[in-house]
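*Asks:* What Swiss-Prot records for C109, C114, C138, C141 is Zn(2+) binding site.
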Amino acid sequence: MSKETKLQVEAIKNGTVIDHIPAKVGIKVLKLFDMHNSAQRVTIGLNLPSSALGSKDLLKIENVFISEAQANKLALYAPHATVNQIENYEVVKKLALQLPERINNVFACPNSNCISHNEPVESSFKLSEKNNDIRLKCKYCEKVFARDVVTEIEA
């Protein structure tokens, strides 16, 4: 490996690597998986050089393996990210991201009049995609929102 292509972020022995996250999205993904509250070592790479994206974010969490269902939630933020499960420094499984049909109890509804804000119910959105445009429809108020509108709100 030449100096120019040397790893900028240390390899992990066991755990999960989420790579090819668009720049400035890594922190949102960190919070989505609650990694910032983990007792395990988390390595964060922000604005790393990428030939495909220009710049990218990267997350590595040791001794934690993200499920396929969790990885699919990632598709909202980074549909082209890669999720690799590592054992003994080797990639043992690559998770393909698919947009889930429904996402529950992750995001708050942007509609301040929605009953999900005042009733003891979990937020729930049905997802749809057309021409790389992801839309979320609230189960309760039935309003449709752009992905960016829903994912910018703290639940």
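Here the Cβ of each residue, glycine as well, is placed from N, Cα and C on the backbone.
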*Asks:* Which residues in the same chain, at least 6 apart in sequence, have a Cβ under 8 Å from the Cβ of C114 (Zn(2+) binding site)?
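*Replies:* The list for C114 (Zn(2+) binding site) reads C138, Y140, C141, K143, given in order along the sequence.
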*Asks:* Within 10 Å of the Cβ of C141 (Zn(2+) binding site), how many other Cβ atoms can be counted across all chains shown?
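*Replies:* Step by step: centre on the Cβ of C141 (Zn(2+) binding site), count other Cβ atoms within 10 Å, giving 16.
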*Asks:* Please work out the number of neighbouring Cβ atoms within 10 Å of the Cβ of C109 (Zn(2+) binding site), leaving out its own Cβ.
*Replies:* 23
*Asks:* Same chain, not part of C109, C114, C138, C141: whose C-beta falls within 8 angstroms of the C-beta centre of the Zn(2+) site? Give them in sequence order.
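*Replies:* Here the nearby residues are P110, N111, N113, I115, S116, S123, K139, Y140, E142, K143.
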